[in-house]
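Quick look at what TrEMBL lists:
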TRANSMEM  54-74  transmembrane segment
DOMAIN    63-339  domain 'Sugar phosphate transporter'
TRANSMEM  86-105  transmembrane segment
TRANSMEM  125-143  transmembrane segment
TRANSMEM  149-169  transmembrane segment
TRANSMEM  176-195  transmembrane segment
TRANSMEM  201-220  transmembrane segment
TRANSMEM  232-251  transmembrane segment
TRANSMEM  271-292  transmembrane segment
TRANSMEM  299-317  transmembrane segment
TRANSMEM  323-342  transmembrane segment
REGION    347-384  region 'Disordered'
COMPBIAS  365-375  compositional bias 'Basic and acidic residues'
Amino acid sequence: MGLLSSLLRQDSRRFIKRKDSDAGEAGRALEELRGSLYNELRTSEGAKRQQQRFCGPVVAMTFNFVVAVGIILGNKLVMGKVGFNYPIFLTLIHYASAWVLLAFFKAFSLLPISPPSKTTPFSSLFALGAVMAFASGLANTSLKHNSVGFYQMAKIAVTPTIVIAEFVLFSKAISFIKVLTLAVVSLGVAVATVTDLEFNFFGACVAVAWIFPSAINKILWSRLQQQGNWTALSLMWKTTPVTVFFLLALMPWLDPPGVMSFKWDVNNATAILISALLGFLLQWSGALALGATSATSHVVLGQFKTCVILLGGYLVFGSDPGFVSICGAVIALGGMTVYTSLSLKKSSDKDSNLLPKHNLASSKPKNDEDNKEESIAEDNSIVV
């Protein structure tokens, strides 16, 4: 019995040691996993990788498209039924609400961490915040003082402005076929939407003044995200206070008087807050789309939204924009399809370039390597 008891005790000790060893290994594995997740979520590099992993070009642009359609209905409700005809103040409410939401995310450690301050000068963030205020505020003011046709013509002018600005400032050039495709898209959108060009002098000045900051705004958003480790939310957190400041400065100059006498009841305030929430989602989705694609692609997406809304009204609600407008929308959609296919081809070629050399030989013939083009991201990145 003594011998048997001794053996049992030895087996028990070995079993306990083995269990302790397994528990230690499991604990170490859990700590390594926890550390890995922390690095992914609480560093700027990890947060940028997570954004790229879960929000690629298709997801980002689809998100932006859905939210843009929603905010059109929301702003139509606010400007029409509610009668809140103060475009700068409405824009200010949108950005102030976004700032509050971002502060809430930061308080609960849900906001991705920003890159070190030495990697991005404060002047770049300040410039982006200021330009964003002028781009958003002047866009709404232009829509208020001009006809839809003149406003749309100004939007079309943003596309060549981006191409020229990137070429002049950063020596970026795009292929001739892309230039031709963008020209076809712009022509189709003009035919589809520009039915009248009524405007007054003040409205025309606002529209012209809006074109350049709108183009620079998109270029800067795309540049900071693609060249740095900025995520959309962290960049919004840094630039929104500057935007709010400049909107406060613009409001007395561009908004009509009487905002304090507006009837602030529960229904009106609820409609404005819903519009503000959609404005936050629009800013976020737009930033994601600019980070995943480029400034030019984002403009093309905006024109795509315009054509889809026009054709959707004709097919679903029976509206009659006219045969010429429908043909223009179809031409624009065809040009957008070609532009998208060219961009996707460049993206797939870049993915092939990123493969290891021993995989390249099996995945693609050697004589095709010299014909590879850059991806959308590098095609639209800034050369410092």
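Positions of Cβ are set from backbone N, Cα and C atoms, glycine also.
Same-chain neighbours of the transmembrane segment (86-105): 75, 78, 111, 133, 136-137, 140-141, 143-144, 233, 236-237, 240-241, 243-244, 247-248, 250-251, 254-256, 259, 262, 272-273, 275-277, 279-280, 283, counting only residues six or more beyond its ends whose CB sits under 8 Å from a CB of the stretch. By the Cβ criterion (under 8 Å, sequence separation of 6 or more), the transmembrane segment (176-195) is not in contact with the transmembrane segment (125-143), since fewer than 3 such pairs are found. Through the fold, the transmembrane segment (232-251) approaches residues 44, 47, 51, 86, 88-89, 91-92, 95-96, 98-99, 102, 105-106, 111-115, 125-126, 128-130, 132-134, 136-137, 221, 224-225, 283-284, 287-288, 291 of its own chain, all at least 6 residues removed from its boundaries and within a Cβ separation under 8 Å. Outside the transmembrane segment (271-292), and at least 6 residues removed from its termini, the chain residues within Cβ reach (under 8 Å) are 51-52, 55-57, 59-61, 63-64, 67-68, 70-71, 74-75, 77-78, 81-82, 84, 90-91, 93-98, 101, 218, 221-222, 225-226, 230-233, 235-236, 298, 301. If you look at the transmembrane segment (201-220) against the transmembrane segment (125-143), you find at least three C-beta pairs under 8 angstroms, all six or more positions apart, and that counts as contact. Restricting the average to the domain 'Sugar phosphate transporter' (63-339) gives a pLDDT of 83.
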